[in-house]
């Protein structure tokens with residue numbers, strides 16, 4: 001996996017530079033964006049990474065940026081920064097999946113703590129995103145087999161339900177395991193269950 005991408009999105013050049021400096025002091029190599037629309041157009045949104053975004057921007061606010069990432073099923077984890085300390089806003093953003101809500105000026109300790117949590121979230125998001133992409137490769141029959149597996153059906157029960165031979169079920173099940181890149185039945189079930197509880 002490539003190095004974790006760190007994006008800072010803020011329309012204030014001074015804040016952008018300060019955040020960049022803070023991140024570099026923590027050995028990160030951030031990419032700085034002054035326009036959230038350009039960020040959405042040019043950044044690799046399908047890779048794991050972290051977005052530190054300002055809440056209050058003229059073109060697209062932090063909440064709208066977060067919604068755009070959710071709509072695109074991006075694995076990027078979001079940390080929101082604000083100068084206003086608006087508690088209801090913070091609660092709303094966290095309920096929508098933001099990792100943390102930082103007040104400016106951002107302290108080094110709070111930033112590191114938020115980055116640690118965001119790293120875990122983006123890696124979890126990316127694993128789930130990969131599972132989704134793999135699931136899309138399954139045929140309709142293989143998706144049906146996957147659904148029966150999640151329900152706890154045995155090969156014989158699936159064969160009876162679908163009115164096919166047990167050997168046919170075994171072949172489809174092996175294909176599901178291979179396409180989902182599952183190392184074991186437990187790994188496969190974990191991936192499939194995570195798809196059902198997707199954000």
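From the backbone N, Cα and C atoms, a Cβ is placed for every residue, glycine too.
Listed features, source TrEMBL:
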type    : residues : note
DOMAIN  : 5-119    : domain 'Response regulatory'
MOD_RES : 54       : 4-aspartylphosphate
DOMAIN  : 131-196  : domain 'HTH luxR-type'
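DSSP assigns the residue listed as '4-aspartylphosphate' to a strand. For the domain 'Response regulatory' (5-119), the model's pLDDT averages out at 92.
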